[in-house]
Amino acid sequence: MIPTGEATAILPAGNHHSPVKVFGNEKIRATFDDLCLQQAINSRCAPGVTEVVLNPDAHCGYGAPIGCVLASPTHIYPGPVGFDIKCSMSLLQTDVPADAMIDKTIRRELIHAVCRRIPTGMGKGARDVPKSRRVEEKTGVAAMTDGASSDVLAALGVPVAWADRCEDAFHRGHDGSADALRQRLYYLRQGKTFSRFRSTVQQLGSYGGGNHFGECEVVDVVDDNESRQIANVFGLRDQHVAFLSHCGSRGIGHRLASGQFKQLEHKFDQWKIPYPGNDKQLVYAPIGSSEANDYIDDMSLGANFATVNHLLINALVLEAFQEIIPGTTGNLVYFISHNIARQEIVDNRETWVHRKGATRAFPAGHHALKRTPFEHTGHPILLPGNPQAGSSVMVGLPGAKESCYSVNHGAGRALGRRRAIRELDQKQIDASFDSADILSNCRRYPRDEAPAAYKDFEEVLRSVKQAGLAKEVARLRARFVIKDSSDADD
DNA sequence: ATGTGC
């Protein structure tokens, strides 16, 4: 490792590659285990890869670490997008004053109102919603091929203007058309793997399990003039209630991703192509090949599903607030992914930037933000920390050029799920939520999701700030949390 | 993360 200011570099074997750029202070670097670093080096040495960035929240992932950026102008890498295609964050700002959340009864009613509309847990589709909220199959198909189009949003009762608050409101097929996606979906539906498509469509408007969540927040805007001005542009309201959501493309994204992993693995074996770093999980396809086209189409189908899923969730959350606190209004602050590959200009070259557990961070004046609401501020960056340390809204700084215009995607796991379930004390976890006055839909908070299972969020943010990648605009203080409530333990 | 899947 070679220290270069706040960034550190790992040099892969041989000298024809630029190093992996590591953003993390000494404390954070101690959290990277050998496999995570090996995955970063494998990724850096893989064909066509021009840059790899390791973020402070990095830990082992599928092929590449979760918490990394991989750039390639010539190759697409499904592993460094991952299973949960376009897993994302979204934030809804309401006009409800923070004081309304003092009352535990109101918060309990809100929890029920949200959970009635938005299922959590494995396999759960939006089954318990009123008939008017059931997703028609043709709307589900249009969601996947067209993304957050006006027609799709109107059909689902989502404010059409929210599409302007998305990192990408829609993803097109490999040739830039939605038609390519229509054809690909039609083809996939002929096969057995999409036989349960009808129930898959009902997963629009659901959270899923694992680290996915919905969280009611109070907004604390950072107390300086610049932050207040940026918060205004973002639509954040200091000392008012907001709602943060974390979820992705559910079963369909998983299905599409795992199908691609298998198919590409099979072709590598058939053609005796060596795997980068001897790791099957780092299969790739050269841009322009039919394999790359198929992957880009499948990724886009999953990504569009995730986008519409988030927007529907936000509309349902707003509806839940309106049921309990009549007259509530709300607006989407932003929707931004941390598991996606997208085309960006890197060093004057059209490049596929894969962010795996990493968040885009375009600062003020970035060319891609022209004619968007965030042209003069940079777009919002939504970073979940944990319910007790809070979550963060940040904005990119010019220094983010060094990290491929990316920051971390949250705190990052410190303990594996099994270890967390074994080592963390249930009573202590629940008592800590009680004393912080944070309510939850779970009788017992999942141990593998406890704040102690994650890295120190403050330390992670410090690394981002010290490296000059982004600055904090607001902190979000949790008032209640919606998680998968099925008791997975004992 | 996940219909824990020929």
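In case you wondered, yes, glycine gets a Cβ from its N, Cα and C as well.
Residues annotated as Mn(2+) 1 binding site in TrEMBL: A:ASP84, A:HIS212. A:HIS212 (Mn(2+) 1 binding site) is surrounded by 21 other CB atoms, counting those within 10 A of its CB over all protein chains shown. Taken residue by residue with DSSP, A:HIS212 (Mn(2+) 1 binding site) is part of neither helix nor strand, so it is coil.
Residues or ranges marked as GMP binding site by TrEMBL: A:ASN211, A:HIS212, A:PHE213, A:GLY214, A:GLU215, A:HIS338, A:ASN339, A:SER391, A:HIS409, A:GLY410, A:ALA411, A:GLY412, A:LYS483.
Residues annotated as Mn(2+) 2 binding site in TrEMBL: A:HIS246, A:HIS338. Shown in sequence order, A:CYS87, A:SER88, A:MET89, A:ASN211, A:HIS212, A:PHE213, A:GLY214, A:PRO384 are the residues of the chain, 6+ apart in sequence, with a C-beta less than 8 angstroms from the C-beta of A:HIS246 (Mn(2+) 2 binding site). The secondary structure of A:HIS246 (Mn(2+) 2 binding site), as reduced to three states from DSSP, is extended strand.
Cβ-based neighbour count (10 Å, all protein chains) for A:HIS409 (GMP binding site) stands at 28. Residues or ranges marked as active site, GMP-histidine intermediate in TrEMBL: A:HIS409.
Spread of the GMP binding residues is 20 Å (greatest Cα-Cα distance among A:ASN211, A:HIS212, A:PHE213, A:GLY214, A:GLU215, A:HIS338, A:ASN339, A:SER391, A:HIS409, A:GLY410, A:ALA411, A:GLY412, A:LYS483).
Spacing of A:LYS483 (GMP binding site) relative to A:HIS338 (Mn(2+) 2 binding site) is 19 Å (Cα to Cα, whole number). A straight line from the CA of A:ASP84 (Mn(2+) 1 binding site) to the CA of A:HIS409 (GMP binding site) spans 14 Å.
When each of the binding-site residues A:ASP84, A:GLU215 is scored by how many other Cβ atoms sit within 10 Å of its Cβ, A:ASP84 comes out lowest. Between the C-alpha atoms of A:ALA411 (GMP binding site) and A:HIS338 (Mn(2+) 2 binding site), the distance comes to 13 Å. Sequence-distant neighbours of A:ASN339 (GMP binding site) (same chain, 6+ residues apart, CB-CB distance under 8 A): A:VAL81, A:GLY82, A:ASP84, A:ILE85, A:LYS86, A:CYS87, A:SER88, A:GLY248, A:ARG355, A:LYS356, A:GLY357. When each of the binding-site residues A:HIS338, A:LYS483 is scored by how many other Cβ atoms sit within 10 Å of its Cβ, A:LYS483 comes out lowest.
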